[in-house]
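The structure appears below as structure tokens.
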Amino acid sequence: MTNIRKSHPLIKIVNEAFIDLPAPSNISSWWNFGSLLGVCLTMQIMTGLFLAMHYTSDTATAFNSVTHICRDVNYGWLLRYLHANGASMFFICLYLHIGRGLYYGSYTYTETWNVGIILLFAVMATAFMGYVLPWGQMSSWGATVITNLLSAIPYIGTDLVGWIWGGFSVDKATLT
């Protein structure tokens, strides 16, 4: 007589997804950070879009727009805190995902590792652009902190920083 979990049509689906899942037996919680990265990225995009609907980047009104988001927009305070803390969680998951790959020797899979490195550089470039977008996400302070190491390059450091910033548009509390 066959087991009901393998013969019943509905229970068979649950069995194949949870019980008899064809996965290695040594998978631990270290292997879920890729999925958490996707969740964090989705949360960042959604909350960022909703926050951008109410944010103004002008120096005179930026603080008031953030106050408006927190006080007047339904759950605006929650959107703001989810967006701020979601960025930190995203990078924590990213570094743990990379650490897991280093620990388990995933760098031996050259193609996969190279794609991961390209994605890491793309994430870092996107984070930089999130700080210094011309429509006002951050400020001269954010651009300076991120590009400070580049300014130490002899002879070309100062010009390189100015080029990466996009000229001399970085000069106020918000970029407008």
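Using the three backbone atoms N, Cα and C, a Cβ is placed for every residue, glycine included.
According to Swiss-Prot:
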TRANSMEM  33-53  transmembrane segment
TRANSMEM  77-98  transmembrane segment
BINDING   His83  heme b b562 binding site
BINDING   His97  heme b b566 binding site
TRANSMEM  113-133  transmembrane segment
Pairwise CA distance, His97 (heme b b566 binding site) versus the residue listed as 'heme b b562 binding site', rounded so that it is a whole Å: 21
Chain-internal residues, separated by at least six, CB under 8 A from the residue listed as 'heme b b562 binding site': Met43, Gln44, Thr47, Gly48, Leu51
The residue listed as 'heme b b566 binding site', number of other Cβ atoms within 10 Å: 21
